[in-house]
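As written in Swiss-Prot, here are the features:
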BINDING   Cys312, Cys315, Cys318, Cys372  [4Fe-4S] cluster 1 binding site
BINDING   Cys322, Cys362, Cys365, Cys368  [4Fe-4S] cluster 2 binding site
DOMAIN    303-333  domain '4Fe-4S ferredoxin-type 1'
DOMAIN    352-381  domain '4Fe-4S ferredoxin-type 2'
Amino acid sequence: MSIKTSNTDFKTRIRQQIEDPIMRKAVANAQQRIGANRQKMVDELGHWEEWRDRAAQIRDHVLSNLDAYLYQLSEKVTQNGGHVYFARTKEDATRYILQVAQRKNARKVVKSKSMVTEEIGVNHVLQDAGIQVIETDLGEYILQLDQDPPSHVVVPAIHKDRHQIRRVLHERLGYEGPETPEAMTLFIRQKIREDFLSAEIGITGCNFAVAETGSVCLVTNEGNARMCTTLPKTHIAVMGMERIAPTFAEVDVLITMLARSAVGARLTGYNTWLTGPREAGHVDGPEEFHLVIVDNGRSEVLASEFRDVLRCIRCGACMNTCPAYRHIGGHGYGSIYPGPIGAVISPLLGGYKDFKDLPYACSLCTACDNVCPVRIPLSKLILRHRRVMAEKGITAKAEQRAIKMFAYANSHPGLWKVGMMAGAHAASWFINGGKTPLKFGAISDWMEARDLPEADGESFRSWFKKHQAQEKKNG
C-alpha cells in the first residue's frame, strides 16, 4: 500500500465529496469550532509570531543537522536497552516490523494513531501475515470497522457525524445503545480494553524523539498510546526520520505549538515520555523496545527545494483553515496526507503520477501560511510544484497546447495584435448586461454568479494609442 487511498480519478472524487452534505457540514463545523478554540489559545499565550519564529528555527536547525541528531538518538536508544532500525524504504520498515512480530509469535497487535504507519501500510502487511491489528484511537477504530481511510491528520473521522458512527457500531459490533457520544465512547472503550489485555505487541508513532536522552514523545487526547506501550510485552515505535528535537527544551516549544494549533488546547490530554524498555523493579512498560526510523523518500525531499515541508509537526492547522478542504474534505485528495500539507508532501512521497492534481486543489489564498506553527510557506511550495510539473511536461495536454499557442502569439507582434482585436470584438458580441450565453467548463457556475465587465469592442492597444494621440493634440 502507498499513501494513495483511492483509485477513483481526481475529478470524480471531488464531485462525490461536494455532493456529500453530511461530510461538508461535519467538516465546516469542525473547522469553525477548532479555529475558534485555536484563536483563544493563541491570544492567551501571547507573542504568537515570536513563538512561530522559534518553532521554525528549531525545525530548521534539526533539518540542517539531521545526520548528527539521528546518530545521537540511535546511540541513546541503544544505551537505554532499545533496538534501532533505519528503514530506507517502506518495504524495509514493514519487513522489520513483521519479523519482530513473527519472532514474538504475535497474534494480535494494538496500535495508537500514527500517520507514518499509515504511510508505510504496516496494517496490511501484518494482516496479510495473519496477525490481527486493532486501531485504538477512537476515530481510527471507527474507520477501521467501516473500512474507511482517515480524512484528517489529527481528527481522522472528521467527515462522519454521530448518526453514521452509530450505524457503523450497530452493523459491525451489534451496538444497541443510544446515539450519544458518551454512550458510544464507553461501548468502544470496553471493547478495546479486551484487546489491550490480550495483545502481544503495541505499535505507536512518535510525535518527537529527543536526541539528548533517546526518549520518545507521544501526544494523544485519549490515553490509548499509554495502554499500547505499557500492557503489551513489546513496543514498536515508528517515526519519520525528521521528527527529532535536540533536547526537552525544544520539545517544550513544539508541544506548546502543537496542542494549540491542532485542537485549540493548552495541552493535549496525555503527553507520554518513553525511554527504552522496562527497567528492573518497574511494574509496567514493555520488556522490549524497538524504534523504527523511516526515510521513505525524506532524504530526497531534504536535498530538494521542498525541504521546508519537513518542518511539519502534523498539527492539521492548515486543514482547519483551508477553504478547499472545507468543501472537498480529506477524501477528495486521495492521500493519507490531505489538505495544503498533503498537496505539497503527497507528490513528493507518492509521485506526480498519482498526485499531479493536488497542487491545483488550492486557491492560493495563503490562509495555511498564516496559521502554520512552524512557518512552512505552503502556498509557495504548491506553486513550486506547479512550476516543476510544467517544466517536466506533466500538465494537461490542453494546457500545454494553450501555453505554446500563447508563447507563439506573444513572440509575433502582428499575430498578437490581430488576436487582441479579435478578442475585443468577440467580447462586445458575447457579453450583454454583464452575462454571456457561452459556457466555459469548470468556471461556468462562477461566471453565472458574477457580472462581467461590458466591452466596447476596442483593444487596450488601440485605446491607448488613441488617447496618447489625443493628449499630444491637447498638449
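Quick reminder: no glycine exception, Cβ is built from N, Cα and C everywhere.
Cys362 ([4Fe-4S] cluster 2 binding site) falls within neither a helix nor a strand when secondary structure is assigned with DSSP, and so counts as coil. Comparing Cys312 ([4Fe-4S] cluster 1 binding site) with Cys322 ([4Fe-4S] cluster 2 binding site), their Cα atoms are 16 Å apart once rounded. Apart from Cys312, Cys315, Cys318, Cys372, the residues listed for [4Fe-4S] cluster 1, the same chain places the Cβ atoms of Ser261, Ile313, Arg314, Gly316, Ala317, Pro340, Ile341, Cys368, Val371, Pro373, Val374, Ile376, Leu378 within 8 Å of the centroid of those Cβ atoms. Under DSSP, Cys318 ([4Fe-4S] cluster 1 binding site) is assigned to a helix (H, G or I) in the three-state scheme. Here the CA atom of Cys372 ([4Fe-4S] cluster 1 binding site) lies 11 Å from the CA atom of Cys322 ([4Fe-4S] cluster 2 binding site). Taking Cα separation as the measure, Cys362 ([4Fe-4S] cluster 2 binding site) is nearest to Cys318 of the binding-site residues Cys315, Cys318, Cys372. Take the mean position of the Cβ atoms of Cys322, Cys362, Cys365, Cys368, the recorded [4Fe-4S] cluster 2 site; other residues of that chain with a Cβ within 8 Å of it are Cys318, Thr321, Pro323, Ala324, Tyr325, Gly339, Pro340, Ser363, Leu364, Thr366, Ala367, Leu378, Ser379. Cα of Cys365 ([4Fe-4S] cluster 2 binding site) to Cα of Cys318 ([4Fe-4S] cluster 1 binding site): a span of 12 Å.
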